[in-house]
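Step one of this worksheet: look at the structure below.
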Amino acid sequence: MAKEKFERNKPHVNVGTIGHVDHGKTTLTAAISAVLTKVHGGEVKDFAQIDNAPEERERGITINTSHIEYDTEARHYAHVDCPGHADYIKNMITGAAQMDGAILVVAATDGPMPQTREHILLSRQVGVPFIIVFMNKCDVVDDEELLELVEMEVRELLSEYDFPGDDLPVIQGSALGALQGDEAWEAKIIELADALDTYIPEPERAIDGAFIMPIEDVFSISGRGTVVTGRVERGIIKIGEEVEVVGIRDTQKSTCTGVEMFRKLLDEGRAGENCGVLLRGLKREDVERGQVLCAPGSILPHTKFESEVYVLSKDEGGRHTPFFKGYRPQFYFRTTDITGAVELPEGVEMVMPGDNLKFVVELINPVAMDEGLRFAIREGGRTVGAGVVSKIMA
């Protein structure tokens, strides 16, 4: 039989498994792959392939992640699974694999454990919008009341972190049972797939958002004006539209008088494209790398924010020594480094390489930012940490 062509006709959604070590995240990932490929076709990935996750580098940090893909009735999914707890933290903070929703795996035999809580908290901090629960290992618990109790505990824990614990789907199943071909447990995997389709809304595509393009370079073209270049992060820019230049200095307004790509003139620049935008009335020295070009009023400059941060260990090429309050590294946002001072939380005296924690940063210059924006922490061009803006303060 000839290979089927990959059809881009279904909406695409990114998901991943989270939860405590040994609760069955990778087994569930393998079970989803096995059951859904049986129903909808595609390539099956087995446990060993998923568990043997390749190394990837994201913002100078090495992370092990496994990617699988599968289809449901309504959608195409890309699913990430990480082998180690540290990989999860790094993955979520760097946004290496951004999730539109997560499947929280909780073993019915254990109930919620420390990493269960930690992954829920991280999901809240880094902006994972939806969580679905898969209660695993239900085949070895024969006490109905115990299952109910565990489900109640998980729901309460999710509510504690502002997820709708009472309303979100909880599926009781057995990943191993499904992998072994037991029809009753396979049906629970199909139920999980239906929950993904119905509970996680279709994500807004980058092209539908308000226009924003981080500025990488600025040129002046005699007789035509100033051109800024960069990759459009989201939205569309059309000739004649008003734009703002935000960050580092006071916000300036301008109008787009031309868009070009590979030296060709275009009517518009779209999300994902590298292009040059010609700006009316601005001189070359008015604009610099590190600012962003955006739709008026869509993003504001800020200097103070709370962040969730992972500090690289010595083995990862990070610092060899801890840092203390008053630490002033550079924070690399999109295209530029800005110096900032770190304010450690109450009771934290020092931060060791390999730690992850929450701290407040005050930058010396404002940066265009929204909650959920990722950054790297650098010292003289070397990455020593990664973070995400969890709350804007000023």
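Cβ atoms are placed via backbone N, Cα and C, with glycine included.
In Swiss-Prot this protein carries:
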type: DOMAIN; residues: 10-204; note: domain 'tr-type G'
type: BINDING; residues: 19-26, 81-85, 136-139; note: GTP binding site
type: REGION; residues: 19-26; note: region 'G1'
type: BINDING; residues: THR26; note: Mg(2+) binding site
type: REGION; residues: 60-64; note: region 'G2'
type: REGION; residues: 81-84; note: region 'G3'
type: REGION; residues: 136-139; note: region 'G4'
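Structural mapping of features recorded in Swiss-Prot.
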| residue | record | CB count, 10 Å |
| --- | --- | --- |
| GLY19 | GTP binding site | 26 |
| ASP22 | GTP binding site | 12 |
| LYS25 | GTP binding site | 26 |
| THR26 | Mg(2+) binding site | 21 |
| CYS82 | GTP binding site | 24 |
| HIS85 | GTP binding site | 14 |
| CYS138 | GTP binding site | 22 |
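Within the model, the domain 'tr-type G' (10-204) carries an average pLDDT of 92. Cα of HIS85 (GTP binding site) to Cα of the residue listed as 'Mg(2+) binding site': a span of 12 Å.
The DSSP breakdown of the region 'G4' (136-139), given as helix, strand and coil counts, is 2 helix, 1 strand, 1 coil. DSSP states for the region 'G3' (81-84), grouped as helix (H, G, I), strand (E, B) and coil, give 0 helix, 1 strand, 3 coil.
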